[in-house]
Each structure stands twice: as structure tokens, then as C-alpha cells.
């Protein structure tokens, strides 16, 4: 069926725009989820403490295991590429399978998002089920979306082009955080529910539309005559990557893990990325604490709220500048430069001390923005590791979703280490326990919860000094560890070019590039 009239222009959208729009449909939901799900269950549904911690514990385990689990279920057939009934496996078929999966799982993600905002079960049970369902569908969407980045393009230029639109649309999706403030009201939840329903409807329909457009582009490219190599107007070749039955064989999970254990660059990368994930979540967890104890006397509450909101948007906008640099200098050099910048700014702040509010405000904001921005650039490095994994292990098809899942398995513990290590360091430096509660007043007291005794004069300055040391010493330690591990990573320059050339040779077909303009 041919689309005409007002819909015809949709078919002319560049593939990069359609691919990037998928990030918009995730971002509009996920930022609202992160900001409100805890407050909703604690303040609106009145979940009890035991049920809350049980839900969070189960969620922690599920969140750590579902990435490699779904990656293995999705891509294990690509490790051996064993044909069925003599059929061949094509790169185009792999891309189409991922696109169809996004068309199904995207709307299911939107439905699971809606399940948070309407009470339909006891609060503890609903909390557990909603978290696991939402995170499961979010993981599937993220895995397939990231895998497409490695499957749709091979050249660094085209991958950064795709990632550019992801950052642009993610920044647009982050604006839902600002819009949500107009609807959030714990006393009257109906307007916020209507807002979330509008977000979920738009996201679900967007996933369906984008998946159909992307599928049409892939199918149309496969019908184009010829297969121009690395051409700007190139298409997806119809030629299939046939696998002979004599080469086909099964591979177990243990064998795959042993292959990863021999993948030197993968091991150095996940070591560096573990520190990066830790630092990203450390900044997110302690951003309000730093604002309170270091800047509350110098900035207004509205300014602090604005800084918190803009920190969701700025990393995506920041990447719009860094991605062109990646095309020119390579991702490795840009990431190394960001580590050096992190180290230099932290040392400068340490020398300046905590008594410069303007410099502190700039450092707190820039530290979070640059750290989050670096996380988004590292997706491009994982796509290069997908290429190297294919070459090193002579695979017939890149197991991109599985490799993204294995990276997540190793690095997600950084999310848990961040609040645990941060609160321990704060207590170590200052003696201030964030979980300390004041004891109840004795019977007969005029006030049921009396004011705590006045702090000794040295305690408040000690807490402020401890927060400052935490603010600057953690980035310094992270930067030094990352500079060391990153220096051991060799998949850049000549080696990266060699890997990409060998991937083309092993595939026995031209580069898998869909028209980008």
C-alpha cells in the first residue's frame, strides 16, 4: 500500500532521523519514571518500608540479570549461525527482526509505564510487579535499539551520525521532566495520571510508526539493484550471508564466556565503564546533597530545581558538540580528553576550595553533564567491540544485543556501589550518618518530635568540608582509574581500521549501510 498526501513525507525521512526518534519515545517515559515512581508509592500509595525494600532488592537482582539473559535469548543463534532446513541467514533479516521486536516491545513498555500510576493491587505487590515488568521491557527496547546501531552501520562516521540524532531526540524527550511539574500533585493525582496517559499513548504510537517506517526503509533498500560499497547513497545489499552446514555448530554459554574472557579489549573496557557507571550514579545520588550543603546559602530553591532539571537535558545537548569531534578525532581520543578534563577541573576545584560559590555551581553542574555525556559516547565503543568480537571469533553474524547485555551485566553493579560507597565515605570524613534518626521524645514531653539539640559549632563546617572533599576527590580517583584502564584499550587507530576491514571480509558482502541522507 502506498502512502500519499500528508503521510508521503514520512517515507522520505532519513533513516538516522527515524532511528533517533526511537530514543525520544523511550526518554519521554523514562525520565518521568525515574523522578516520580518512588514518591508515588511512598507518598500516594503509602507502601510500607518492608515491602518497599523487598521490591527494590528483587528489582536489583532482576535489573542485573535481564540484560545478559535477553541478549543471550536474542543472539545465541548468531554465535553459530546454524541454518535451518538449508536456509541462509542475512544481515537484512537480522535488522528486520530487531525492528519488528521494537515495534512490539515499545508499546508494551508504554503500557508497563502506565501501570505505575493507577492502583490495581496491594501496594507492595504492585510495586514489585511494575518494577520488574517495566525494567524488562525497557531492557528489551534498549538492547534492540543499541544493537541496531551496530547492525545498521559499520563506519564510525555513520554510527556517530545515528548517535547524533539519538542525542537530539533524547534531549527533546527530557523536556517531559519540566512539563511534569505542572501536573504533579500528590493530593489530586488525576491530572498527573492524564499526563502519563498522554505520554504513554504518544510513545506507544511513536514506536509503532517508527518501526514500520524503519522496516519499509530496510525492505526497500534490499530491493535496490547493485550494492555500492561505502557509498553515501548506498543501500542494504540483498546478498545473504549464507552459512554452510559443515561450518555450523552450537556454542554453549560457557564457551561464549570463555571467548569473552580472552577478549582483552572487552575486559579493559568493562573495567573502565564500571567506574563510569559508578561515577554517573554517584553524581545523580548526591547532586541534591551537594546543592544543599555547599550552595544552599548562595542560590535560591528555584535555581537549585532548575539546575537539577537542566542536568537531565544538558548531557544530550552536550553530545551534539562532541559527536562531530568523534567523527574527526575518533571516539577514543574524545573520551580520553573528557577524562583529562574531569581530572583537571577536579584538581582546580580542590585547589580553589569550597568558598567560591560561582565556581562550585559551575563545577557541580559541569561534572554531572560531562560524566553523563561520556556514558552516552561509550555506546559507540561497544559497537566497535561488537565488530572485534565478530572478527576474533569468526562469527557469521554480529551478536550485538548479547554483547551489550554482557557489558551491562558487568557494569550495572556500579549503580549499587555509588550510594553505598558515597554514604560510607561521607560518614568516614564527617561522622554524619544519612540514615540516622532522632529518638522519640520521652513520655510527657510537650512535643512528640522535639527539635534536635543544637549542633556543636564545628559539626556544620565539618559536614560542608566533607561534602566538598567527596565532591572533588571521587572524580579525581575515577579519572585516574579510567585513564589507566583506557590507556590499555587498543581498539582505535590502525587496529580499529583493520578490524572493520576484516569484518567486511568475513561477511563476504559489502558494508551494511542504509541510506543516511
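Just so it is clear, glycine is given a Cβ too, placed from its N, Cα and C backbone atoms.
Remember, TrEMBL labels are computer predictions, not curated facts.
Annotated by TrEMBL as transmembrane segment, the relevant range among 162-184, 231-253, 369-391 is 162-184. As stated in TrEMBL, the feature transmembrane segment covers range 266-287 out of the listed 46-67, 68-89, 266-287.
By number of Cβ pairs under 8 Å, the transmembrane segment (7-38) is matched best by 162-184 from the list 95-117, 123-141, 162-184, 190-214, 329-352. When each of the listed stretches 95-117, 162-184, 329-352 is scored by C-beta pairs under 8 angstroms to the transmembrane segment (190-214), 95-117 comes out highest. Beyond the ends of the transmembrane segment (329-352), by six or more residues, the same chain brings 156, 160, 322, 359-360, 363, 366-367, 370-371, 373-374, 377-378, 380-381, 384, 471-473, 475-476, 478-480, 482-483, 486, 489, 491-493, 496 to within a C-beta distance below 8 angstroms of the stretch.
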